[in-house]
Amino acid sequence: MTTLTPSLAKMRAQFEKQERLSMESALEIIHTAHDVMDKEPNLLYLNAPVVVFGDIHGQFFDLMKLLDKCDFFQPSFADSGHTLLFLGDYVDRGAFSCEVMLFLLCMKTHYPSRVYLLRGNHECESISSFYGFRVECKAKYGLSVYYHFTQCFKALPLAAVVSASSNGHHRVFCVHAGLSPSLLTLADIEALDRRQEPSTSGPLCDLLWSDPIPEADESDNPLDEATNMEAQADASPVESPSSVESNEPNTAKWVPNTVRGCSYYYSCSAVYDFLTTNHLMCMVRAHELQDEGYLFHFASPAYAALDSRPVKDFPPVITVFSAANYCDTYHNMAAYLTIQRTARRFDVEQTTHVVHPFPRSFHQSQGIWSVFQATLPYIPPSNDFFEIMAQLNHVVDEDDPPEAPSRRQSTDNNDADNDDVGLSLDEQDAASTISAASDDSRRHQRRLARRNSNEKHPMAISKALDAISSQWTAKHMAADHLTTTTTTKAKGCDGSSSSEDGQTRQLAFTPQEVDIIKLIFSLMDVDGDLKLGQDEIARFIQRILGDTISDKKAKRYLAALDCNHDGHVDLDDLLSCAAMLKARHDATSRLFDGGDGRRGGMLPWTVLQTMSVVAIGVGLPYAARLWQWWKTQVSSRRRWLKRAFGSTGSGVVVFVGLAWMYMTWQRTRRRKT
């Protein structure tokens with residue numbers, strides 16, 4: 001049988017030149033890998049050495065760098081005995097998700113017993129259709145290939161156990177996200193039905209979405225943290241996350257994950273219980289961005305009192321993240337973890353990002369704006385949208401260079417340096433200790449802030465955006481009612497009003513318009529924290545509009561969208577921007593709206609009627625003359641053409657008159673309706 005699957009080297013060369021596979025080759029890779037993985041169990045049992053990779057997120061060129069670093073493309077790989085284990089989240093966010101997914105599946109078909117792919121929370125239809133993979137796949141290979149991908153996702157195993165020693169005492173549990181209160185043993189994981197779309201609750205959701213509980217400062221006592229969790233749980237009981245298990249989860253160990261909008265936070269006690277019950281040494285997971293590419297959780301000596309593991313050589317939870325400079329925004333490092341055969345040895349390798357080319361297929365997103373234009377014709381499909389908002393919100397383009405430091409500032413800095421030099425050795429040590437502690441505190445606060453903006457489930461994002469849009473609508477409807485009431489009182493006893501009444505009235509959005517505005521905001525909001533940043537504006541313009549802007553212009557555009565001037569841009573601001581553009585668009589077309597009282601035309605209804613009557617009165621005599629001439633001169637075609645062109649003016653006048661009559665009839669019907 002002839003195979004269409006290319007070699008890995010050839011596929012890499014094609015993808016690096018941004019060439020696509022044929023649809024037949026892509027489908028063959030997907031189907032072959034699906035058949036291989038569908039025969040694998042939910043829980044894989046592997047032997048070290050194993051190289052573990054975290055999230056990839058469509059960053060193909062960074063994936064190639066990682067594989068180069070671990071010598072995957074070297075001839076020696078076949079004899080090295082190393083196994084590659086990927087923890088999920090291969091698609092979305094990055095611009096080369098199709099390339100990443102096809103290459104990994106091709107690796108699986110070439111090395112079915114050396115390469116293993118676990119399922120992440122993005123390997124499902126509901127998430128990948130929300131965060132970009134569906135749009136990319138539709139542009140590159142068509143929607144049918146996307147749905148073949150989603151079927152392949154259901155075949156991905158859920159977790160793996162890696163044996164790091166021959167005696168079985170050093171076993172490492174590997175999963176995409178974490179644990180579940182419904183899954184107490186490895187046998188519970190093996191019994192799950194993985195070939196389905198994950199819901200927003202339940203054990204399958206927990207394996208793909210849960211997180212270790214955010215740690216307090218390392219000086220804090222985790223026992224106090226557990227006590228606080230118990231008190232919180234007593235105040236607000238937590239429902240069981242699974243319909244399969246009837247037992248209530250231990251609320252001292254499981255806290256609802258309000259940031260993600262689904263699943264749970266698991267405490268160190270929950271981790272220790274799971275590891276001890278299943279004779280595991282530690283857990284390696286992905287799912288969270290890390291500045292250094294990896295992070296040890298619950299590693300402080302303060303947690304030792306809770307540690308019930310027989311082997312305590314490693315921290316109970318290790319996060320590994322393999323997408324360097326995530327979303328071309330976060331400037332983080334990538335890492336992968338090698339579990340060695342020698343007991344008590346993990347090797348962590350870090351890499352920086354690769355400067356990747358701009359995706360040639362950026363036109364895959366240009367079609368999105370044409371959909372927007374059908375519903376929002378008042379929003380320009382270019383950078384003009386941001387430029388117009390900058391004009392409307394009076395955001396100037398500042399070209400002045402930054403001010404140089406003044407002499408007084410320089411003197412103050414020198415004085416500060418002299419003061420440091422004048423300190424005693426003990427004082428300098430104390431100052432350096434305080435500085436180091438301050439750096440650690442800032443780093444810890446930055447990590448907590450990032451965790452508080454972790455990627456949310458689309459359902460949670462939709463609920464939040466619905467709430468914001470409802471509040472905006474209610475607020476502006478109240479303002480509209482107040483404006484209308486004030487204007488009515490100012491009309492006078494005769495009830496007359498000026499032509500500006502319609503302009504002072506707030507413009508309401510249709511449900512379709514609100515949905516499209518929310519979609520635009522979701523495309524801008526890369527990190528899902530419901531607030532836009534400067535980098536997100538630049539990325540949106542690059543990915544959707546196909547343009548590259550400077551940091552200075554991105555900052556200006558961000559300020560242009562801040563309609564309420566509160567220092568950040570959210571959906572409320574974007575709705576206000578759209579309302580301003582809609583009012584501007586409506587004002588330019590108001591001349592042609594007629595006298596519909598609901599829309600406030602600029603020409604009064606009586607004027608339109610008068611113009612219609614005059615046009616008809618002037619045109620009818622000319623029409624009568626033309627008709628008489630037609631009857632007497634129809635036999636001479638040459639003379640007919642000459643006079644017909646001479647009477648064009650009368651025909652135009654008649655046509656205009658009939659048009660005004662038709663408009664009058666239509667307006668009357670609408671008023672009666």
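Heads up, the Cβ atoms here are built off N, Cα and C, so glycines get one too.
Any TrEMBL annotation is an automated prediction that lacks curation.
The region 'Disordered' annotation in TrEMBL covers 230-250 (among others).
Annotation comment: TrEMBL describes 236-250 as compositional bias 'Low complexity'.
The region 'Disordered' feature in TrEMBL is assigned to 397-459 (among others).
The annotation domain 'EF-hand' is assigned in TrEMBL to 512-547 (among others). Restricting the average to the domain 'EF-hand' (512-547) gives a pLDDT of 84.
Annotation comment: TrEMBL describes 549-584 (among others) as domain 'EF-hand'. Secondary structure of the domain 'EF-hand' (549-584) per DSSP, as helix, strand and coil residue counts: 25 helix, 1 strand, 10 coil.
What TrEMBL lists as transmembrane segment is 602-623 (among others).
Residues annotated as transmembrane segment in TrEMBL: 644-663 (among others).
Across the domain 'EF-hand' (512-547), the DSSP tally of helix, strand and coil residues reads 24 helix, 1 strand, 11 coil.
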